[in-house]
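What TrEMBL records for this protein:
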DISULFID  102-119  disulfide bond
DISULFID  121-130  disulfide bond
DOMAIN    93-131  domain 'EGF-like'
């Protein structure tokens, strides 16, 4: 079972360009918990955006975060960005994924520390860097 610790919360922002799945809900009851759990179950998810769009509550799962792609965290009224523990999004620190260590189309997942990462490899490739 994967462990993600969402300790970074930024109201009025969303991470753009990395959404891998949109899930809408009619009610906001336990929305943050549901969205975090959906992210944990999705192998490539590392952060979430939560907001209200067209009268429905939206949970967006993203395959990047404010540490890997700090420039993609943008103002978005009505949304809240939730990311893994690490630096303050307004004072960015690059993660190990910034160097793109995953080869052959693999997706880099930042780890608990800025030096740690895991590659989710495409079919037919394996190893630390999807060799």
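The backbone N, Cα and C atoms fix where each Cβ goes, and this holds for glycine too.
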Across the domain 'EGF-like' (93-131) the predicted model averages a pLDDT of 83
Cβ atoms other than its own within 10 Å of the Cβ of residue 119 (disulfide bond), all chains, total 21
Taking DSSP helix as H, G and I and strand as E and B, the domain 'EGF-like' (93-131) has 4 helix, 8 strand, 27 coil
Using a 10 Å radius on the Cβ of residue 121 (disulfide bond), the other Cβ atoms enclosed count 19
